[in-house]
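What TrEMBL says about this one:
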- 48: active site, GMP-histidine intermediate (ACT_SITE)
- 7-14, 32-34, 49-52, 60, 82: GTP binding site (BINDING)
């Protein structure tokens, strides 16, 4: 089953996704896609590590997320990817955005029994910034989120720590 969790910055989406992972019968694998580029983000990663259960194994990946998901799906254990927005940013930086998005969609369309929780930032709730690069990223992430939501069995929007069911499977 694929579960898609959307939310804004500091909305509680990661905590909600971790709670979903904790409800699974098997120990989960947490796949982190963010790179610690500044002190604030390093602190956020540190806080996330402190709050995660010790039974959750952590793997880090950048643009090779589709390959990692294919490999991890063979273990038949729950997976949590946090988050697609950081992954997309890495793909844009590496110049392989379109190719990697299609690879990810192909993996998701073929997904079988393993529980997969995908987290992403909802970008469509505020004004668009003036910079064309940021606007292009927001449009690309919005399109990716829509494609993932169509494939997902269930989807949630988390705001102020409260989940709203968008799609129930």
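Cβ coordinates come from backbone N, Cα and C, glycine included.
Overlay of TrEMBL feature records on the structure.
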residue	record	DSSP (3 states)
7	GTP binding site	strand
13	GTP binding site	helix
33	GTP binding site	coil
60	GTP binding site	strand
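Cβ neighbours within 10 Å of residue 60 (GTP binding site), excluding its own Cβ and spanning all shown chains: 12. By the criterion of other Cβ atoms within 10 Å of the residue's own Cβ, the least surrounded of the binding-site residues 10, 13 is 10. With the fewest other Cβ atoms inside 10 Å of its Cβ, the least crowded of the binding-site residues 7, 33 in this structure is 33.
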